[in-house]
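Down below is the structure, laid out as structure tokens.
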Amino acid sequence: MNNPSYRGRFAPSPTGPLHFGSLVTALASFLEARSQGGRWFIRIEDLDPLREPPEATGQILASLDAHGLFPDEPVRFQSRRHDAYQDAIDRLLESGHAYRCQCSRKELQANEGRHPNQCRSRTALDGDSPYAIRFALEDENCHWQDLLLGPQRQVVKAELDDPVLLRKEGFYAYQLAVVVDDIDQGITDVVRGSDLLDMTAQQQQIYRALGAHPPRWLHIPVILNEQGQKLSKQTHAPALNDETPVDNLFRALVALGQNPPADLATGSLESLLEWGWKNWQRGAIHLTSR
Ligand code: GLU
């Protein structure tokens, strides 16, 4: 299949080095793109310097390189995109899709998520205490189709679920930046971990508020450790060993339900990746570990 209009990406937040679970996600998005003759990009979502050790971005890029996962365009860094995010926020405020919120988390919790200050409709701020900017969701019973998981239904609750776009500390938030960049990069297909599934309905509203069409989504099962926890920095997932890329990728293919011939485990990186995209079976991805 040759579909040059397909544009996919892998978009890690650099909170630590790549681990096996993130390799599985990266590989799935790469193989989906390659198997369709599409283009594939890497975007570093470095929005929160307080959660990102300075060496993590370099480690992630070196790992992707060592595993032969080369992007079709230079890597994009969200830390260099603040003007675009501010511009989007200005548009959303202007069109009434966003509002300033000075509530503390405590106040919101105490009030079951309702803003005590009625932030959505307030025109003036209370003194100069810091404020976040939130997206004003609409009540919605959202139905959409996941390319792997099938029909999805999510209930979106106005006010109660409103995501933060700009944090009080001055950092742009994931929910905003991911949508702004996916629109700007013309991403047609998002392949990512199913831990982000619940965000999808909200993100669709942000796409629409910015006048764009949402992409297609494919959420892959999150890889669990032996204790049944998601592999992540919080569960102390070990960093990938970049010295053994063929072995790592072979295991990642198996984790994705693919069935690579055993001799590829001792072959070259290139032949393994080529087998991967030529034989990619999206439908073989196991759904059990969701
Ligand atoms: N940066 C997000 C993460 O590492 C993924 C963004 C996405 O694929 O939508 O969890």
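Each Cβ is built from the backbone N, Cα and C atoms, and glycine gets one as well.
Per TrEMBL, the features are:
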BINDING   ARG9, PHE10, ALA11, PRO12, SER13, GLU45, TYR174, ARG192  L-glutamate binding site
BINDING   LYS233  ATP binding site
DOMAIN    7-237  domain 'Glutamyl/glutaminyl-tRNA synthetase class Ib catalytic'
MOTIF     12-22  motif ''HIGH' region'
MOTIF     230-234  motif ''KMSKS' region'
Completion exercise
Out of the binding-site residues PHE10, TYR174, the residue with the smallest number of other Cβ atoms within 10 Å is TYR174
Fill in the blank from the handout: Sparsest Cβ environment (other Cβ within 10 Å) among binding-site residues ARG9, ALA11, PRO12, SER13 belongs to SER13
Problem - Counts of helix, strand and coil residues, the motif ''HIGH' region' (12-22), according to DSSP - result: 3 helix, 1 strand, 7 coil
Fill in the blank from the handout: DSSP assigns the residues of the motif ''KMSKS' region' (230-234) as 0 helix, 1 strand, 4 coil
Problem - Assigned conformation of ARG192 (L-glutamate binding site) - DSSP reduced to three states - result: strand
Practice task
Kindly point out which of the binding-site residues ARG9, PHE10, ARG192 have a C-beta less than 6 Å from some atom of ligand 1.
Solution key: ARG192
Problem - Assigned element (helix, strand, coil) containing ARG9 (L-glutamate binding site), judged by DSSP - result: strand
Handout entry: ARG192 (L-glutamate binding site), number of other Cβ atoms within 10 Å
Key = 21
